[in-house]
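Everything on this sheet refers to the single structure shown next.
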C-alpha cells in the first residue's frame, strides 16, 4: 500500500462510517447529527475520485469507470431485483423485505439511476436505487471532470467552470430531475477539483488552522439543513458547497495525523476504506432486503442500543463480505483497485 493509497483509504474509511451512521440513525430524532454528517460523507468520496482521476487518459477513465462503477451498479441491481422476486415468491416477508413487487419496476428504476427520484415514470411512484446511486454519479462526475481538464490556461479557469457546473446542477435539480444522477455529479465537481489539487500538492499537509476553520464552517453550515447530494439540493448552495470542501479538508487532516501519530492503527483502519463501491453495494442490499433493525430488536428493545448495534453489525458485515469478495476472482477484478 503506497502512502497515497493509505491516505485516500483512510479518508474513505471515515466517509463509509459517516454514510452508514447517516443511513441508520433516526433522521427525525437525530436531525442535527444527520445534517452534520451529510455535509461531507458523500462529498469526500468524490474528492477521492478526483484525486485518482487526475492524469488518467480517456481510455482509462471510461474503462475503469465502467468496470468499477457501472458494472457494480448492475450487479447490485440484479441482486435486489431478483432478491425481491424470491422473497415475494417464497413469502419470506416475516424475516426479510422487498423493494419491488414487479421485476419490470426494478429494472426501470435502476435504468433511471437516481437514488431517490421525485419524478414519476409511467403511473407509479419511483422508489429510487438506494445508496448505490453513488456509483453512477461517480462515473458521470469523472467524465465531466475529465472534460473540464481540457480547459486551457491557468487552473483558476477550470475552477470557474467547475463552480458554474455546480450551480447548473443545483439549478437543474430545482426544475426537473435528470437520470443517472447527473445533477449530483455536477454539484460534486468542486470536490473533484479539490481532489486534483490535493494530488498535485504532493506531500502538502492540511494545517491546524485550516482544519479548525473547516470544522467550524462544516458545523455551521449543517445547522441550516442537510446536503442532499442525491437530489442535488442544499439550503444555500454556495455555503453548503464551501462547507463540503472545507469539511473534506478536515477529514484529510484527520487522516494525515493518524498516519503520523498512529501508523499501525492507520494501516488497520485504512482497510475499511478499501473497495468502497463494494461496501456501498453491500449497504444498499442490506437496507433493501434485510430487516437488520428488526433482527436486533429480538435482543434489545432500547432504541439507542438498537441503532448502535445496527451500525456496528452493518460495518462488520461489510468488512467480512469485502474480505470474502477479495478471494473471488471476478469480484476482485470488479471491486478492487487495478
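Including glycine, each Cβ sits where the backbone N, Cα and C put it.
Any TrEMBL annotation is an automated prediction that lacks curation.
Here the structure is a predicted model, which means the values were calculated and not measured.
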237-255, 256-274 - the range that TrEMBL marks as transmembrane segment: 237-255
Can you tell me which recorded stretch out of 7-25, 155-172, 276-298 has the most Cβ pairs within less than 8 Å of the transmembrane segment (237-255)? 7-25
Listed stretches 7-25, 68-88, 126-148, 304-325 vs the transmembrane segment (276-298), most Cβ pairs under 8 Å: range 304-325
Tell me whether the transmembrane segment (37-56) sits in contact with the transmembrane segment (126-148), defined here as at least 3 Cβ pairs under 8 Å among residues 6 or more apart in sequence. yes
List, by number or range, the same-chain residues at least 6 past the transmembrane segment (126-148) whose CB is under 8 A from its CB atoms? 19, 23, 42, 45-46, 49-50, 53, 56, 58, 61-62, 65-66, 69-70, 72-73, 76-77, 80, 99-100, 105, 109-110, 112-120, 158, 161-162, 165, 180-182, 184-186, 188-189, 192-193, 196, 229-230, 277, 280-281, 283-284, 287-288
Cβ contacts under 8 Å made by the transmembrane segment (68-88) with residues that lie 6+ beyond its boundaries: 96-101, 103, 106-107, 110, 113, 129-130, 132, 135-136, 138-139, 142, 277-278, 281, 284-285, 288-289, 334-335
